[in-house]
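Notes follow the structure.
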């Protein structure tokens, strides 16, 4: 299925009625699923590594997002504002010349264990110009006249991802969107060796287990996204810049470290096949990178995406590609029904207490309503 078909399906998606407007402000949250076309013409999704200092979900992979500021804020406005605050994605298209962020649809709310109703908002980051390739991207402002070149135009991940300024997260990365329907790595045929199998070790993309949640069998998804061949935007205050590594240059293999087949509860990333520059710095983030001993992400071969974030991405991919996953999964979308039951039993009230968390006992009681 082409990118255009996937985006069209998301544009046309109409979610069932939501309880968002019934939730008090303290219980409203939204995340932004930012999709863009990579240099191979495939969709990728932007993800973050949450900082270790955050109060909730510290050190885990997440979609940019957070809680609403006021009752007049729509889910998309909340998600877009939080994306600006967390990763520096501008609020206005005029601030990202050559690009636009189109709101495609909203998915049913998910219930976070911290007693928040989380609305996934899907957006498409694309070039404003009518370029022949959907993966063509922005031309940076320059006094140099535009000339024809045999080289392809820079992609979103090469031009825009490095320009993001992560403020509240440890890193910004991306992952192949369609791969969230697959049990193994999908490597583009034109990827020139970038991929898990090309690295000489077996693919270990997906692992899942059944557990109990919402008083029913619940599929816990774990996706392990390859780090090599990725572009990662890091906070300037951590003296980190974009790290670009082809497989052969991965720090594990350079230093002869033992290969990590699993990452700790962390992240995922965005592809860039270009080798690192000699200075390893960027005009937009003119700082020196951390050395391996200072960087907690150094040496990881894969980043783990799991929990609610993984479930949201699986559901979004199901809508976009009109396909069911190769692995076992829960068939329903979101948790609107459970959120309604918890509200009827007096939970999800207007005042949030420190340590608020949905317990097994709460879910058992709600399931009987």
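Using N, Cα and C of the backbone, Cβ positions are placed for all residues, glycine too.
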Could you tell me which of the ranges 194-243, 244-293 is annotated in TrEMBL as region 'Disordered'? 244-293
Given ranges 111-132, 133-154, 155-176, the stretch to which TrEMBL attaches the annotation region 'Disordered': 133-154
